[in-house]
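A.B. asks: Taken from TrEMBL, the feature domain 'Alcohol dehydrogenase-like N-terminal' covers 56-92. According to TrEMBL, the feature domain 'Alcohol dehydrogenase-like C-terminal' maps to 153-266.
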Amino acid sequence: MQSHHIYFTGENQVEVYEQEVRDPGPDEFLLKARKSLISTGTEGICLSRNFEPGSHWDNWVKYPFRPGYSLVGEVVAVGKNVQNVHEGERIALRYPHAQYSLVPANANIYRIPDEVSDEDAAWFHLATIVQVGIRKAEHRLGDDIAIVGLGLLGQLLTQYTRLLGARQVIAIDIAETRLGLASTHGATSTLQMGVEQAREEVLKLTQNEGVNVVYDVTGAASVFSQALQLLRPFGRLILLGDTGTPSAQQLTKDVITKGLTIVGAHDMHAELPATDTSYWNNLRQGELFFKYLQRGDMRVNDLITHRYSPLDAPEAYRMLREERAKAMGVLFDWTRLP
């Protein structure tokens, strides 16, 4: 059968191709996409080649490149040896934007509860990325927290940190609409300014102490050194925003004089099978996210601002490149295809 697939064919070049997809082999199943979520930061860097030569980005992004890793779909065919999924089952996978995908039966499969919509489920992978950072922060009840950058990950962080019992969640961004969403989802204070201007306001909010934990979710190398200055002594900075120019990130004297801890967090840190001593792998984190959605502890549907047919992928990425401040969650709706 024919299947539509989204490709980055070069710098700032997006194309949708039709290609033949065979029947699943004995140890495979075929997934028909329903929704997929654009990871605006990662996919934007990949499309624009906004990274330095020799970086991990440079080693990963080779055109033609298949973007996307947040796919929700329905199993429409299974190989004769496949027993862990069945036709008609709705699942989420870390797979690229494509109408049909052949999937090995041993892939990491996120089973979606009936109460969770396709659109909400498409956030599963970003939700697990954020959970990796949350766990590495080693939070304590009553922490004061600053989140720099209120894009997709920052919005999820706002909700997670309130669930954890933070005393303050201070949201910092230059975009008013993003701060409005953060306030709706639990931020106790919002600062519409750059991080370099935010230090004085953060100190006012924390009795001149600074915060326990700062999350840098911007992906902007210049933010790193400024974010360090928001911390109180022995605080922790969590890097969730993966910059394309890591060599431009500069330490400050605060690291030594305040005894600060800097932690890098990435979803690959939780890819291994769960064990008694390493319980929270990606699959279990995804299940937890779905449970929070079921209970109403978190919500993401109001974070979705744009829905596109996959055939309009070039326009979707153009919008994100030129008008990103207007966008939050951007979905491809594969059910619009015949």
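Note that Cβ sites are derived from N, Cα and C of the backbone, with glycine treated the same way.
Any idea what these are sitting next to in the structure?
C.D. replies: For the domain 'Alcohol dehydrogenase-like N-terminal' (56-92), the DSSP-based tally of helix, strand and coil residues reads 5 helix, 12 strand, 20 coil.
On the 0 to 100 pLDDT scale, the model's mean across the domain 'Alcohol dehydrogenase-like C-terminal' (153-266) is 93.
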A.B. asks: Count the residues of the domain 'Alcohol dehydrogenase-like C-terminal' (153-266) that DSSP assigns to helix (H, G, I), to strand (E, B) and to coil, and report the three numbers in that order.
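C.D. replies: DSSP classes over the domain 'Alcohol dehydrogenase-like C-terminal' (153-266) add up to 44 helix, 29 strand, 41 coil.
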